[in-house]
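Note sheet for the following structure.
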Amino acid sequence: MRKADLVVGVQWGDEGKGKIVDMLGLNYDMICRSQGGHNAGHTIWVDGVRYAMHLIPSGILHKNIVNVIGNGVVVSPDVLIDEMAQFDHLEGRFYISDRAHLNLTHHGLIDQAKERLKGDKAIGTTGKGIGPTYADKISRSGHRVGELLEPERLCEALMSDFEMNKSLFNALGVKIPKRDELLEELKRYKEALAPYITNTTRLVWKALDDGKKVLLEGAQGTLLDIDHGTYPYVTSSNTISAGACTGLGLNPKEMGEVIGVIKAYTTRVGFGPFPTEDKGSDGDKMCEVGKEFGTTTGRRRRCGWFDAVSVKYASRLDAVDKYALMKLDVLDGFEVVKICKAYQYNGETIDYVPTDLENVTPIYEDLEGWDSVKGVTRYDDLPKNAKRYIERIEELTGVKVGLISTSPERSDTIIR
């Protein structure tokens, strides 16, 4: 039996997992999503064409790869149907877990209303209803994709839920759908999605038992994990590598190589602690050159220097075997590049991530910059200072950099 390999984000998401999955995916028979929803964005550049996806695994661009949305994902039918329309002949190469939970219109409306009511205490959610959907799941009041196969029954269950929560809907100013309109919507979902709904756990098991190569595609990043991230400024699922097991029905012994994806700098969307954030011209340059605007929301990402402390912490949580270092070219032209090697915390120097990360001050190490790495495909051809930067990341985190991206194009990648 083969083991499933995993690509996981090791920062606050947006590390460039899509490009790595797209590139490595050519060597796999099946690619699976295990958690998150359409709050996650996958951006891939192929031959100068930009593909942005939020639910469908990146392997969908290759017609010989089977793509799976696992039980740990929360699925917006509207978003999924729109994404599916971009691709031809999905039959036999795309499947949705019947156990994945439904992210419906009212979840997004509730999410947005709660954020508005929080005012300056808002978390910075994408407003896509991910949190409310997972909340319904945990409270055992949610509904799953498999229920779409019986739209009349699901409609009655939802109307009952709405009636039970009428006071909450009214307080938030969220309009309860009309039964007839809801039923028509659910029937439309069934018609579009029914051919792809199945027990994906058995599907993945069979693939592994048959010796197929399976790749798991993580969403968001480790520092957004509901348990181990910068709570409450986190997502609503387990983004660490162990979440891939529960989100697909795999056991830990079925996990193979873990590839941790990191940017050569650091970004974050929304609120929450960010020790190495640069609010000056350097951060602005990273944002402009790196085109740091969210795939899902279009929001400008906060930018700053590489944080080796948080990456080392996340890498331990994920059991990372090697890194894929992304966007090294964005740092081209900086006279000095910085790496956070430790934190100042309560008068002490520490090399770990405390629970109250907002109370740390980064301790930087300055390294000399380089002119350009753009388009380089051989490690030996990199400038000396760029190599030193990569080696210093390895020294501080204890993990080897195995892949290096030097432009958005799939082909501009160094494999060591």
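Each Cβ is built from the backbone N, Cα and C atoms, and glycine gets one as well.
For 13-19, 41-43, Arg301, 327-329, 405-407, the entry in Swiss-Prot reads GTP binding site. The IMP binding site annotation in Swiss-Prot covers Asp14, Glu15, Gly16, Lys17, Asn39, Ala40, Gly41, His42, Thr126, Arg140, Gln220, Thr235, Arg299. Taken from Swiss-Prot, the feature Mg(2+) binding site covers Asp14, Gly41, and the record attributes it to sequence analysis. The feature active site, proton acceptor is assigned by Swiss-Prot to Asp14, with sequence analysis given as support. Look at Swiss-Prot and you will find His42 tagged as active site, proton donor. Summarising the annotation, Swiss-Prot assigns substrate binding site to Thr295, Thr296, Thr297, Gly298, Arg299, Arg300, Arg301 and lists sequence analysis as the type of evidence.
Sequence features, as recorded in Swiss-Prot, placed on the structure.
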residue : record                    : DSSP class
Gly13   : GTP binding site          : coil
Lys19   : GTP binding site          : helix
His42   : active site, proton donor : strand
Gln220  : IMP binding site          : coil
Gly298  : substrate binding site    : coil
Thr406  : GTP binding site          : coil
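Site extent for IMP: the farthest pair of Cα atoms among Asp14, Glu15, Gly16, Lys17, Asn39, Ala40, Gly41, His42, Thr126, Arg140, Gln220, Thr235, Arg299 sits 34 Å apart. In terms of Cα distance, the binding-site residues that sit within 10 Å of His42 (active site, proton donor) are Asp14, Lys19, chosen from Asp14, Lys19, Arg301. Note on proximity: among Gly16, Lys19, Leu328, the binding-site residues of the record, the Cα nearest Gln220 (IMP binding site) is that of Gly16. The Cβ of Arg299 (IMP binding site) lies under 8 Å from the Cβ of Val269, Gly270, Phe293, each of these being in the same chain and 6 or more residues away along the sequence.
Checked against Gly16 (GTP binding site), the binding-site residues Asn39, Gly41, Arg300 differ in C-alpha distance, with Gly41 being the nearest. Annotated pair Lys19 (GTP binding site) and Thr126 (IMP binding site), C-alpha to C-alpha distance, rounded: 22 Å. Comparing Cβ neighbour counts within 10 Å across the binding-site residues Gly41, Gly298, the minimum falls on Gly298. Around Arg301 (substrate binding site), the same-chain residues at least 6 positions away in sequence with a Cβ under 8 Å from its Cβ are Asp14, Thr267, Arg268, Val269, Cys287, Glu292, Phe293, Gly294. Per-site Cβ counts within 10 Å over the binding-site residues Lys19, Arg300 peak at Lys19. Proximity to Gly13 (GTP binding site), defined by a C-alpha to C-alpha distance within 10 angstroms, is shown by the following binding-site residues from Asn39, Gly41, Thr126, Gly298, Arg300: Gly41. In this structure, the binding-site residues under consideration are Asn39, Thr126, Gln220, Thr406, and the one with the smallest number of other Cβ atoms within 10 Å of its Cβ is Thr126.
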